[in-house]
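S.K.: Take this structure, written in C-alpha cells, and hold onto it; I'll ask about it next.
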Amino acid sequence: MRLEGSLQLVLLVALTSTATGLNIPIEVEQPPTIITHTSGPIIALPFDNTITIRCKARGNPPPEYRWTKDGEDFVPPYIPTEHTDGTFMLHKEHLVSFRGKYRCYASNKLGTAMTEEIELRVPGDPKFPKELNFPILVMEGEPITLECNPPEGVAPRQIYWMSIGLQHIEQDERVSMGTDGNLYFSNALPNDTRLDYCCFAAFSTIRTIVQKTAMAVLVKSLKPGNESADSGSATQAPPVRIPGLLLPSGVQTEKVLLKGENLQLECIPQGYPTPTITWMKMGDKLPVRTQLDNFGKLLSISSVDESDGGKYMCKAQNSAGETVHYFDVIVEDLPKWETEPPQSQVTVIGSDVHIKCSVSGKPSPDITWRRNGELFRDDPGSSRRVLDDTVLLHNARAEDSAVYQCEASNIHGSVLANINIMVMNIAPRILTMDFQEYAVVLGGDIVMNCSVFSSPPPTISWVKDETLETIEGERFLAVSESLQIISAEKNDSGEYVCVASNKEGKSSVTAVLAVKDPTKIVHPPQDVQIISGTTAQLLCQAEFDKSLRGTFEVVWRKDSEEIPLSSEENSRYFVDDGMLQIMSVNLSDQGIYTCIARTSLDEDNATALLTVLDVPDAPKDVEVSELNSPRNVRLSWIPGSDHNSSVTEFIVEYEESQWEPGRWKELQKVPGNQATAELALQGHLNYQFRVYAVNAVGPGPPSEPIEGYKTPPAAPDRNPENIKIQGHLPHQMDISWEPLLPIEHNGPGLEYKVSYRKLDVDDVWREHLVKRHSFAVRNTSTFVPYEIKIQSRNSHGWGPDPKIVTGYSGEDVPTAAPRDIAVEVINTTVLRVSWTPAPPATVRGHLGGYDVHWLRKRSLLEPDKILDDRRSLSFPGKRTHAIVPGLEPFSEYRLTVNVFNKKGNGPNSDPVTFNTPEGVPEQVPILTASNAKKDSILLVWGPPRETNGVLTGYLLQHHLINETTLEVVDSQETNITGADTTQWHLQGLEEGSLYRFHLRACTRAGCGPPLAQESSTPGTTALPALLNISSYVSDTFAKISWTAREEQQDSELYVAYMNNRDGNWLVSEAVNASRSFHVIDGLKPGTVYTVRLMAKRLLDTASIFEDVIQTRVKAATGQRSNFSTQGWFIGTMCAVALLTLVVLMACFVRRNRGGKYAGTPPPPTQRQDMFFMEKVKAKEDLHPDAESQGENDDTFCEYSDSEEKKPLKASSLRSLTGDDALGDSISRDSMVDYADGEGEFNEDGSFIGEYCGRTHGGSVSEPSGPRPVTA
C-alpha cells in the first residue's frame, strides 16, 4: 500500500466466514447463502410440545427450500405462517416417527446451498426391565458383582446404590461402583449380607429417577478348618486370594476417544486381602492433569490430546501376588478445517478458479464434492476438474457460477462448506450509504467507510470537498476501502468523496465529517472521608461538545461496577448536576469511585477514594487475671476494627450486683494503643466487666461482659471528702461531708468518727461516731476556729488516717461601724470615699465587704427644693476606700458606710455631708436658622434642659463652608453673655454662601457639647418669593397652598417635615411650583410637626420658610354628624364663614401692600405683637379660599370644619446631609416647645413645596426618595 498523490485502494472482497457467502448487495443477482440453521443433534425432551428445525438463506432471486430425511425427500408436516424461510415444526404427537437425519436445501436459478445433516433424537422413557432376581449366595472372601444395567435416557445420568430405605451403600477400597453402574465387591464379608441392594438411575434434565428391583446377597462365613458353618458358629479369616480384575476383563483393552474428550481408565480388583491399584504410563510419566478417583481405581485425564495417547498399565497387588492390565489409548480427531472453510469467490469471465478444501482429522477425512447439491465428479475431458481436495475451473464462464459444496467426513463426523462461485463482469456498486455522517473528537482517529462490490476489483480514491484535490499527509491512511484520519483537527471537518472505478464503470459516495470538542472532566471528584450514617457527596463536572448534549451522560462506578441509580424512594444513590450523593453511608460504600463523563464519541474518567469512618467494633476475648491481690486485676482484650479512624481510648466499665445491679459505670480509661488495663477494685462486690473503644467518630459498641468476679471484704480505702464547716447559728458549728459511695464501703457496718477541737489553744479531741454524713457541735463561742477530722470505718477495720481541716463556729451580725469617713470629690460626678475598718472582733464572721450609701439632699440651683434621691453600692472584700460614680453636679449629698458579713449589715457610720462642683451644661436641644438675608441670618435656640450649674451664656461658632469640597474656609466665635438669650441675629456674612453654626451652652465650669446647624445666605439669583401661602391642617394630613409668580412656574421645590417627638425629618421629591399646593398625609392626630419649604441649588438646600403645625384630635363621626345637623349650628357656621371671608380679603389687601419683608428683623416687642395678631387671624380662618376649597372637596371630603388653616412662618434650614466635622448633632426640636410661640417668625411672602398622597422623606441635598433623615 502506498500513499502518493491520491489514495488508491485495491478492493479486498469481504466475505462472511459464518455463512461462507459473499457480502454483496441484495440487489445483485446471487446464489443462495445459508445464513442460519439448526445445529444437530436435536434431543426431544418429554416436556417439549414442539420441535422447531430452522433453515434460512439469502439470495436473489429469493431461494426456495426443500428437505431430505435420511437421504429421502421429506415434506414437512407443518410450516408456521410467520416463517417465509425453510423453518418447520414437529408437534409432540407421533414425534418418535420423525427420528432421523435431516438436510435443508435452498435453491434459486443461480444455484443450490445445503446444510449439514441435522439429527433428531427422540429418547424413550427410561425404565428398568421387570425381572425376578434370585438371592446371590457367596462364600466369605469371594468377589461379588451386582449388575445394574441402567436404561438409556437424556443425559446427564447419575447412578446410585441404596437400600429400600434410601440409605446409601457405603463404598470404600473393597466395595465400589464402576463407571458401568455395577456394584463390585473385591471380597465378601459377612456384614455384606442384606436383602435390599437397589440400583437407582437419576436423569436430572427430565427430572426422573428409576429403581431396579432389589437384589439379595447372602455371605456364608467359614468355620475353623475352612469348613462352612451356620450363623452363630465361630468364624475365621477367609483364605488369601491372589488378585484378579473384576473390570476390565482380559489382559489388554483398546481405548479410542476424540481429542478434547475426557479419558477414563478403570481397574476394579478382586482378591483377599483387598488389593491396591497403582497406575503407570509405559515409557513416560503420567500427565500432570491425571486424577485418581474411586479409591484409586479410576484414572481420569481431562481434555486429552495426541500426547496423551499411548499404553497405560494398572496393577492390582496384595500379599498373595499381583495382576496387571494394559490400556492402549488412541486419540483421534473430528474433521476440521486446517485454517478456515473455503471462501466464496467473485471472478471475471475467462479467469481460472481454484477451490481448495483443506481439512484435517484422524483418521484422514474423505472429501466429497457437490455442485448445487448434486455429486460433482472429475471429468478429465472438460475444463472442470476435481483433483482430490481441489476443484479447478479453467477459463471460467458465466454458466460456471454455482454453489459448490465440499464435505469432509470420517467415522467421527463431518464438516460442510458452501462455496459461492460467481463468474461475472460488473461495474462498481458502492454499498456504503451516500452522505453518511461521521463524527470524531479533536485529536481522535476516525475511519470513513467505502464498501464496494464489483468485478473486476475496483480502484478507490478519496478527495476532499468539491476541490477534487487528492488527500495527502501522514495523518491520512488507506485502510482496505476506507479512509482513516489520525489525530483529527478542526479543519478536517467537511465532505469527503470516495470514487470507485473499474473497466466496467465508475461510482462515488460522499462522507460528511464533523470534528467535535473532546469531553473533559474539569472538576474531578476528590478523595473524601465520611462518617457512617451521613451523606457523602462526590462532585464531577465535565465540559463537552454542545452538539452532543443529547448523548452526554455521567456514569458512576464503584470498584469497577456501575452504581444503580433509581428514582425510587428507598434508593440511597442520587445524581444531580454531576453530584453523586450517597445517603446514609455505611461501611459497604467504602471504595474507589469512578466518574465517567461520556458522549457517543468519547469519554473521560476520574477516580476518588471514599473512606467511611465509623465507630470501632467491640473488643473481643476480654479476659481478667489476678495480680498481687484479689482486688488488683489485669483486664486484657483484642481490639476490633477501627474502621479507618484510629482508636483514641478504651473505656473499661463495670457493673456490680449489690448496690446498682444493671447499671454500667465507667471504671478506667486506657490509651488507644494499649489493650490491657490494671484495675484497683473495691471490696465486697461481685463485678462484671466490659470494654468499648472510642475514636474520632464516637464510642463503639461494648464487648460481651465477662463472667462475675467477686472481691473479698476489706476496711475502707478512703475517708470522706469535701468537709464543710458552717455556722448557721451564732453558737453552733455544723459539720457536713461527702459520704463514701456504696461501692466504697468495702464491707458492712460503715460509720464515721467525727473529731474536733479548738485551734491554737490547749484543747483535747472530742470524738463522736455517726452513721449519717453531718454533725452539729452546739454551745460554741461565736466565730471561733476549730480543727476537724473525719475517719471512716466498717466491720473489717478503720480507713486511713484522716486529714485535719480548719473551720469556724457560727457567725453574727457586725457590732461596729467603720470610722474616720473621708470624702474626696474627684469631679462633678465621681468621688473617692475612705474609712478606717471596724475592729476584726466586731465583725463576728467572715468579712463580706462594705456598703456605701449616699443621699442627694438638694440641687444648689434650687436650694429650697428638698430631694430624697437615695443610692448605694456594695464593695466586697477587705478594703479601706472605694470610688463612687453617678453623682449629679452642683448638688449637696450625705454619705454613710457600713460593714457586712454573711449574717447581715453592721451599723452605719457617722454621716458625712459634701457638695459636688458645677459642671458643663447639656447640649442645647434645638437650633434653627431662619430669615436668611444676603449678609445675615437669625439663629434661634432653646436653653439646655440640665445646666449642671449657673448658666452664664453661650458660645457661638460659625464656619464658612466651601460648597464644592465642604471644607471650612473661615471660622469665627461669638460669646453671648445673656443667660436668658435664645436668639441671635448674626450679621456680616457673605452673600450666597453656606455656613455651619455650632452653639454651646456655658457655665462657670465651661461650655457643654455643641449642636450644629447649616444654612445659606441667598445670592443675587435667589428664588423670588411666593404669594398667599396658607396651610389646611386636619387630624392625619396637612395641605399647603401658595401662588407662584410667572417667573416661578418651572421652579422645583422641596417640602420637609419632622415629628417633634422623634426628631426624624422626611423630605418630599421635587415638586413643580406651578402645582400651587402640596398634601402631607399619614400624620398622627394631636401631634406637633415642623414644616420647612426649601429650594435646592448645588450642594446647598436653603430653607425659605418654616412653620410649626399641630394636627387635630379626630372627633367621633357619629357625634359630629348629629351636631352638624342642628339648625342653629348651620346658621352659626354660615355667619362665621361670612366673617372669615371678610377677614381674608382684608388680610390679602394688607399683604399685597406690605410686599416682602427685608432688612433687620423688627424689635422683639413688635414681633410679639405681630405673632399675636397672626395667631388670632389663624384661629379665625376656619375655611380656605375658594380655590383651595374646591381642591379640598375632591380630596379631603371626609374632614369637618374643625380643621385649621393658617399661614406659614419663615425660618432657615441647614443642609440635612451636611458634614459635621466636630461630631455635633443637628437640632431637631421645634422652638414651640421652648418659646411658647415667641420663636415664630415673620412671613416674607413666599412658600414652596407640595406634598403628594404619601409620606416622603429623604436627604435634602439628594431627594431620591422617601427615607428618614438623621442629621
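Glycine is no exception: its Cβ is also placed from the backbone N, Cα and C atoms.
TrEMBL: automatically predicted annotations, no manual curation.
Sharing the feature lines straight out of TrEMBL:
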| type | residues | note |
| --- | --- | --- |
| DOMAIN | 32-121 | domain 'Ig-like' |
| DOMAIN | 126-210 | domain 'Ig-like' |
| DOMAIN | 243-325 | domain 'Ig-like' |
| DOMAIN | 335-422 | domain 'Ig-like' |
| DOMAIN | 428-514 | domain 'Ig-like' |
| DOMAIN | 518-611 | domain 'Ig-like' |
| DOMAIN | 618-714 | domain 'Fibronectin type-III' |
| DOMAIN | 719-812 | domain 'Fibronectin type-III' |
| DOMAIN | 817-919 | domain 'Fibronectin type-III' |
| DOMAIN | 920-1024 | domain 'Fibronectin type-III' |
| REGION | 1181-1271 | region 'Disordered' |
| SIGNAL | 1-21 | signal peptide |
| TRANSMEM | 1128-1149 | transmembrane segment |
S.K.: Go ahead and report the DSSP secondary structure tallies for the domain 'Fibronectin type-III' (719-812): helix first, then strand, then coil.
M.R.: 3 helix, 47 strand, 44 coil
S.K.: When secondary structure is assigned with DSSP, how many helix, strand and coil residues does the domain 'Ig-like' (428-514) contain?
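M.R.: Its residues fall into 3 helix, 51 strand, 33 coil.
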S.K.: When DSSP states are grouped into helix, strand and coil, how many residues of the domain 'Ig-like' (32-121) land in each?
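M.R.: Final tally across the stretch: 4 helix, 48 strand, 38 coil.
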S.K.: Within this structure, do the domain 'Fibronectin type-III' (618-714) and the domain 'Ig-like' (32-121) have 3 or more Cβ pairs under 8 angstroms, counting pairs 6 or more apart in sequence?
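M.R.: No, the stretches stay apart by this measure.
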S.K.: Can you give me the average pLDDT across the domain 'Fibronectin type-III' (817-919), rounded to a whole number?
M.R.: 93
S.K.: What is the three-state DSSP composition of the domain 'Fibronectin type-III' (920-1024), stated as helix, strand and coil residue counts?
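M.R.: The domain 'Fibronectin type-III' (920-1024) comes out at 0 helix, 51 strand, 54 coil.
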S.K.: Which residue counts does DSSP yield for the domain 'Ig-like' (126-210) in the helix, strand and coil classes, in that order?
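M.R.: When I sort the residues of the domain 'Ig-like' (126-210) into the three classes, I find 3 helix, 33 strand, 49 coil.
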